[in-house]
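Colleague: Attaching a single structure in structure tokens format; questions to follow.
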């Protein structure tokens, strides 16, 4: 971007989660000393000669970034420096970043941040925020050794055309760059710092002011009530079916004395000789079940820790690090579950099973991730993951996850296969003509709607936090929604499974996996809708990246819900 650079400072080190999320922290040329007030201190001056092609390119890049509303994100003492401004209804909104600049269109309409100042009125002009007023709030610690702690950092972006770049005075007209400007453009970057004592904020609660301005907790409660109603409805249905039909049937069985009554069986009792027939493609199903178990436990533990506050936004990258490490360590349950199911399906090729469990789903995710990384690397992006980290992830996968999967599979295959309560007939039964809603596809499509209805409001906030750089901190809500999602998925599947067993269709294994797994398809549709309605993404690389990462999330979500 060609802003001022810090000379000779080395970059702070990042943890795995930050590297995976592409958060790179750069040292800053803005120097502060505690309680030393600075006014209008110069940082550096950049000069662009538009007759030279390389200068012109840099200036065009700056203009493009202002047009797309790119933001600076600054950190002081691990606190995001926020820009707070008034929005409608007398509320204040604190943005953890501030824009590079803004643009006034050819018909004189101010875009994005240009509305903050009436002096920005030249048509077809860019205004760059080259001056910042930083206010740092501190809290003096009374009882310990003399010292103070920073509790908040706020800034106001300003735009000044400094008359003397080497001796700036921070007054006068805004720094405008006309779109058709030619000749020499000089941009001087300056800053002012003031320190204020703030007795009311404690150091422990210093993140609160950012969270207060975050959007709408009341929507959350509404969505949770909404989800709970769905869950109650489903539970009621399941309980009713279980109690009424099963109770009646069992009572009838107990009253039978003679065998001739037993001939008039109906519904699901007719398929008892076929219900445990191994499914087609049993290998793939068992592998999916293994990977799904791994993801389910990983999500549960990560969210549980996040609820307890270990993975708050203050620990940068902690969430992602925790998830990756857990996923690696949970190879054993994956291998065990896959082996148990595969053995109960009567499978013999156990080596293939173990290898697929450890390599199929992780391999797809890694390959997708690797391709995304190649694109980022080709674009010269700072979010590209260095080669060393890729090797580290591969080492985690091959040296820890794979051996653990093998151990799990060993125990899974050593145990006896799951005992079935009824024998399977030699000859498969013919499946009668199905009505529309007991056919496989309509059932699967209906099954995904209910779980998706429980999560889609949370999904909006999660997508915002990934793509629009808003903080996500509502882990309590998310944990609740997670539990509701698990219950809804299982209940919707039980219901639909019962319906098509009553219609004498005994291919239930794949169908039950796909019924709730279809939620992931709705997730994909929602992500596409979000892309077109919320994000102004231009450029092929960015679009490929968005959909590449979305596909990873969809796959993980598919395995998890299934």
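Count begins at 1; order follows the chain as displayed.
Glycine too: its Cβ is placed from the backbone N, Cα and C atoms.
Quick paste from TrEMBL:
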TRANSMEM  221-243  transmembrane segment
TRANSMEM  284-311  transmembrane segment
TRANSMEM  317-342  transmembrane segment
TRANSMEM  354-377  transmembrane segment
TRANSMEM  383-413  transmembrane segment
TRANSMEM  444-467  transmembrane segment
TRANSMEM  473-501  transmembrane segment
TRANSMEM  513-532  transmembrane segment
TRANSMEM  544-561  transmembrane segment
Colleague: Let me check one thing: do the transmembrane segment (544-561) and the transmembrane segment (317-342) come into contact, meaning three or more Cβ pairs under 8 Å with sequence separation of at least 6?
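Modeller: Contact absent: fewer than 3 Cβ pairs fall under 8 Å.
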Colleague: Near the transmembrane segment (221-243), which same-chain residues lie under 8 Å Cβ to Cβ, leaving out any that are not at least 6 residues past its ends?
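Modeller: Residues 450, 453-455, 457-458, 477, 480-481, 484, 487-488, 491-492, 494-495, 498 contact the transmembrane segment (221-243) from elsewhere in the chain.
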Colleague: How about the transmembrane segment (284-311) and the transmembrane segment (354-377): do they have 3 or more C-beta pairs under 8 A, pairs 6 or more apart in sequence?
Modeller: yes
Colleague: State the non-local partners of the transmembrane segment (473-501) in its own chain: residues 6+ outside its ends, Cβ under 8 Å from one of its Cβ atoms.
Modeller: 211, 214, 217, 220, 223-224, 227-228, 230-231, 234-235, 237-238, 241, 267-268, 271, 275, 296, 299-300, 303-304, 306-307, 311-313, 434, 437-438, 443, 446-447, 450-451, 454-455, 458, 461-462, 508, 511-512, 515-516, 519, 561
Colleague: Are there residues at least six beyond either end of the transmembrane segment (354-377) with Cβ under 8 Å to its Cβ atoms? List them, or say none.
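Modeller: For the transmembrane segment (354-377), the sequence-distant neighbours (Cβ-Cβ under 8 Å, at least 6 residues beyond its ends) are 22, 283-284, 286-288, 290-291, 331, 334-335, 338-339, 383-385, 390, 393-394, 397, 401-402, 405-406, 409, 541, 544-545, 548-549, 551-552, 555-556, 559.
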Colleague: Near the transmembrane segment (383-413), which residues from the same chain, at least 6 beyond its ends, have a CB less than 8 A from one of its CBs?
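Modeller: Distal contacts: 16, 19-20, 22, 24, 290, 324-325, 327-340, 343, 350, 353-354, 357-359, 362, 366, 370, 373, 376-377.
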